[in-house]
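> Before we start, here is the structure in question, set down as structure tokens.
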Number of protein chains: 2
Amino acid sequence: MSSQRKVFFVSDRTGITAEVLGHSLLTQFEGIAFKRTTLPFIDSVEKAQAVAQQLADFCLESETRPIVFSTMVDGAIRNALRQRNNALHLDFFEKFIDPLEQELGMMSSHTMGKSHAIDDNDEYKTRIDAVNFTMNSDDGASTKHYDEADVILVGVSRSGKTPTCLYLALHYGIKAANYPLVPEDFDSEKLPNRLQPYRQKLFGLTIHPERLQQIRRERKPDSRYAALDNCKFELAEAESLMRRERIPFLDTTHKSVEELASTIIHSAGLTRRLF
Amino acid sequence: MSSQRKVFFVSDRTGITAEVLGHSLLTQFEGIAFKRTTLPFIDSVEKAQAVAQQLADFCLESETRPIVFSTMVDGAIRNALRQRNNALHLDFFEKFIDPLEQELGMMSSHTMGKSHAIDDNDEYKTRIDAVNFTMNSDDGASTKHYDEADVILVGVSRSGKTPTCLYLALHYGIKAANYPLVPEDFDSEKLPNRLQPYRQKLFGLTIHPERLQQIRRERKPDSRYAALDNCKFELAEAESLMRRERIPFLDTTHKSVEELASTIIHSAGLTRRLF
């Protein structure tokens, strides 16, 4: 007996902030299916009035009223959004701007579009450098730039290295390389030669064998590569290598890319270069 | 006369939600330098007490009290964080969980670590497929998969295509290819042949010539590639091609990668595959 509720994320800018916090809150309510719509760039009273009308129409047609998560800097636009409709309005700015104004002893600028602006050249350069670095050293493609790496993720094929590296680069400006551990790396019973000079930068990823099998099957069905016993073998060897070499490692099976990136920064003591 | 304030982001999970909303709020206060520290995975009363002590120590040493943005699901942990210190505490969950519980007629689960969990195989597959697609078709590397693309970004070299594509793939599961417009593409005065079948999927990026010059100079100083007159020429040609071919386009100069991605989804009417 699951019910359904309509949710709107409304913002004078991209709506990303409203989505992130709104999503976190909604995951606390299980058994309800939330149907989500994002309405970005609602940056004038007129546009807000149009959304308010849309909400009013929705209230008429539906048994339950919609829930609106918003981040509107301008009070007049925020008010316009609330006129003529009975939606539940939760604005994330409204609740927190007041105590911050008091605390900081100044008025907020009420300027739209500040949150993500990057006029700053350093910030741009940091991000693009990290992204380029990460793309150029993906999947062990090139190890010659490992000197520059902030971190080198190791793990068997399909253990989650690439998306985690990209997330580290895009969000935190961290130069993240990755090196896939392949069966040949296990023969010598020591750290692959190319990784030896960079021992301090290594961080491992592992995954449950059944999950790995499932992922590899989608890529290469009916292959030795995807067979469960081979997945088990590779993972056992990789984990034993990481334990022996004292490489810290993390199980990716039940973790999102955001959590992996954040945990690695925290555990490996990395310095984020972007905020 | 700029002042400085210390800010902590504290969370029982990664702290990303607290950072995103806190950062948005702080950008509304200009002229204050905020020194930020994120303390993730504060998921027990004991850990919260240790942070509370850290905050108390900070209060003693500093003229102004710290500002704490938190997302703590558990009330007891939240309380522990507030004991024995005089910081300004703003918890994003606290303020919104109550009205949502009332609205939805149920208690929230108060479960930590729900916000970003991806046990869902479809979600994992959507993201990894999009990331792989995007990496394999970066920089016009391969146009043979354009059939599969949700969107193909076009623009001159260094106009911002790669990070935008990666953001679209990682966050929204959108298969985003990119095709760099090079001087040879302008000779024919028509859409490059390889793009012809995919006219409907094209979206353009442009940038101010001075900014482009600055970015290219860092890559190849003293090159023709980075010369201002060449940047101006390439951009004028690219923009005229996009206008002629009716490819919608966007100026990336003052936009962050988040804004670019969100605007493209909105303007091009793309369907996001991940929430």
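Here the Cβ of each residue, glycine as well, is placed from N, Cα and C on the backbone.
Sharing the record's features from TrEMBL:
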BINDING   A:GLY155, A:VAL156, A:SER157, A:ARG158, A:SER159, A:GLY160, A:LYS161, A:THR162  ADP binding site
> Using DSSP reduced to three states, classify A:VAL156 (ADP binding site) as helix, strand or coil.
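Looking at the DSSP assignment, A:VAL156 (ADP binding site) belongs to a strand.
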> Going by a 10 angstroms cut-off between Cβ atoms, which of the binding-site residues A:ARG158, A:LYS161 has the sparsest surroundings?
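The binding-site residues A:ARG158, A:LYS161 were compared, and A:ARG158 has the fewest Cβ atoms within 10 Å.
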> Provide the list of binding-site residues among A:VAL156, A:SER157, A:LYS161, A:THR162 whose C-beta sits under 8 Å from chain B at the C-beta level, in sequence order; use 'none' for an empty result.
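Sorted by position along the sequence, the hits are A:THR162.
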> Around the ADP site recorded as A:GLY155, A:VAL156, A:SER157, A:ARG158, A:SER159, A:GLY160, A:LYS161, A:THR162, what other same-chain residues have a C-beta within 8 angstroms of the site's C-beta center?
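Apart from the listed residues, the neighbours are A:ASN178, A:PRO180, A:LEU205, A:ILE207, A:THR252.
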> Excluding near sequence neighbours, so keeping only residues 6 or more apart in the same chain, what lies with its CB under 8 A of A:GLY160 (ADP binding site)?
A:LEU205, A:ILE207, A:THR252, A:VAL257, A:LEU260
> For A:GLY155 (ADP binding site), which residues in the same chain are close in space, meaning a Cβ under 8 Å from its Cβ, but six or more apart along the sequence?
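Spatial neighbours, sequence-distant, of A:GLY155 (ADP binding site): A:LYS161, A:ASN178, A:PRO180, A:LEU181, A:GLY204, A:LEU205, A:THR206, A:ILE207, A:ALA238, A:PHE249.
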> Taking the Cβ of A:VAL156 (ADP binding site) as centre, how many other Cβ atoms lie within 10 Å?
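Excluding its own Cβ, the number within 10 Å is 26.
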> My understanding is the cutoff is Cβ-Cβ under 8 Å with a sequence separation of 6 or more in the same chain; which residues meet that for A:THR162 (ADP binding site)?
A:ASP138, A:ASP139, A:ASN178
